[in-house]
Amino acid sequence: MKTIQLQQLTKSFGETEVIRGIDVTIEAGEFFALVGPSGCGKSTMLRMIAGLESITSGTLRIDGVAANGMKPSERHLSMVFQNYALYPHMTVEKNITFGLHTKGLTKLEQRERCLMAADTLGLTDYLKRKPRELSGGQRQRVALARAIVTEAPICLMDEPLSNLDAKLRAKMRSEIRQLQRKLGLTMIYVTHDQVEAMTMADRIMLLNEGEVQQVGKPLDLYNKPANTFVASFIGSPPMNLAEVTRQEKGWMASDGRMFHPNAMTDVSAATLGVRPEQIKPANEDVTFYAELKNIEVLGTETILAFDVGGNEWLAKWPGQWPLNVGEKVACYVEPKQMSLFDADGQRIEPKHPKLFEALEVFQ
Amino acid sequence: MTIALPREKVRARLSDAASGLLYLSPSIILFGVFLVYPLLRTMYLSFFRTDTQGTPLEFVGIGHYSNLFTSVAFWQSIQATVGFVLLTVPLTILIALGLALLANEKLKGIGIFRTAFSATMGMSVAASSVIWMFIYNPSIGIFNRFLEAIGASGVQWLLDPQYALLSVSLATVWMNIGFTFLILLGGLQNIDRTLYESADIAGTSYWTQLRAITIPMLSPTLFFVGIISLINAFQTFGQIDLLTKGGPTNATNVIVYAIYKDAFINYNVGSASAQAVLLFIAVLLLTWLQFKLVERKVHYQ
């Protein structure tokens, strides 16, 4: 198990800077997800760690040793590519064992390791086949087998599930996670799918335009997004946002609705954020009334769409609600569950959360 | 018992066939006039004695063929052709592959080299032949100048029966490299980069990657280039005509040149036609053999 340390890592292609000063330490045995929209630099960052892309400035340390100039093979890592990078002219067995001779393994040892990896991934019956005779999911498994057969302590994965159908993806998600735990791999996993990141990772780094937006545990990113980008990227459906201005008694959206979040700030204009499931049907206190634009009854939950301050908001109510379009419903949001972002989109932390809780009780 | 098609269906099928033929007509006409008709006409003429205009006079059966198989000149031209093919095809492919591998590296200014290596493709056989005529010139040519500079005696490159075929082959290799290089470079660039990246991470050497990834992945392109080069080599004419005219003492009298001489200089159209038919059969057989033998080793994706 090895740690990976990135210190002020940057990458430029000519004049354009695609990675801007990234600092992070990935702990040994950690499942670390790199998430972001396409073109955010996450794959470039992974390739820099793998040694397939040169580092423009900054230091990469693997287990404390500066690794900037190391060849990919000297970094003791394995990598799974998005297209699996299988050799079409080799059998599955050859694909899995390709390159093992460089590690000084005899033919017999190579075969043993191959059989073990094939057994782990359920490929034993397919060892003599060529990749084109396999299904997408089986090819994916060959790529995984190739990564684990080297017994490298670090494993890099570049969107490994994006070519699979939804059902298989869910299955492979948990399989990869179990494999990583079982082998104690330090895993860096690139994906654009926030669901994958949320369900698999110990920690997530969210990138946008080459800059780190937030690093933390999945639930930290979900509950306390550092900025509006994180808020709108993580979660499905994403966090509802609306521009608000400060009034004497709270914050007002452009349509006159008033909100009373816990966060305190001196700025006069901000962005308010509420997660869809935190908008609840009101019992006594009413935060606002919503005129329904659309209703989706999904069986376990009902998704309501309505406008707040010119933005479409979604609310997720548990259960099945027999509502009609155009109907007005009363909604309630707990003040402490409202997020507030300043004009630059940065999260405003409540200054005295304890005090506010006390006040709520008092009211 | 046959079931009669309803009349509308028959009509629809006929009009389908008609419009299909209409779409195909440009290539049918072109191939028919310039390929199929001459081929059939050549086969026909190979069984006749003709006058100097190529008008058939007398049916001679396989007379031309049996004459050819006993003619020394014919066997000489076969020998020259086979020698020429064996000298040019492997060498062209090997050199072009080496250049393509070099030019496929990601280096600054590699475009200059790619252009230079493929440049001979843009040169006519005539122009290149003139260049090589100067290079081989016994008194002012660069080869002999060089030999004299290191104290060796000059060589009559195109006039010495020992060297003539080699010299013409060398010039041909140079002329063919451009095209072969370009096709092979295209093939190399079509190989997925990630295959090499994965091999880099596995730690395999350049030569292992060349043997285990590049050559198998390039095999369809190599196969294609092999067939095209082989057919081209069998049909070489221009540089022979310009550099040696089939001489000296028939050393470079390859089959197509022999056909040309028989047909248009000796006006022996029947015999020339018979040789043309034999060449056609030989190339057909070789290409078929290549498909049978090599294709099994080719990895199509």
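Glycine is treated like the rest: Cβ placed from N, Cα and C.
Remember, predicted model here, so these are calculated numbers, not experimental data.
Listed in TrEMBL:
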- B:78-290: domain 'ABC transmembrane type-1' (DOMAIN)
- B:21-40: transmembrane segment (TRANSMEM)
- B:78-103: transmembrane segment (TRANSMEM)
- B:115-135: transmembrane segment (TRANSMEM)
- B:163-185: transmembrane segment (TRANSMEM)
- B:213-234: transmembrane segment (TRANSMEM)
- B:272-291: transmembrane segment (TRANSMEM)
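Remote same-chain partners of the transmembrane segment (B:163-185), defined as residues 6 or more beyond its termini with a Cβ less than 8 Å from a stretch Cβ, comprise 80, 83-84, 87-88, 91-93, 95-97, 99-100, 103-104, 114, 117-123, 125, 128-129, 132, 136, 155-157, 218, 221-222, 224-225, 228-229, 232-233, 236, 239-240, 243-244, 247-248, 251-252.
For the transmembrane segment (B:213-234), the partner stretch with the highest count of Cβ pairs under 8 angstroms, out of B:21-40, B:78-103, B:115-135, B:272-291, is B:78-103.
For the transmembrane segment (B:78-103), the list of distant contacts is 110, 113-114, 117, 165-166, 168-169, 172-173, 176-177, 180-181, 184-185, 187-188, 210, 214, 222, 225-226, 229-230, 233-234, 236, 250-255: same-chain residues at least six beyond its ends, Cβ to Cβ under 8 Å.
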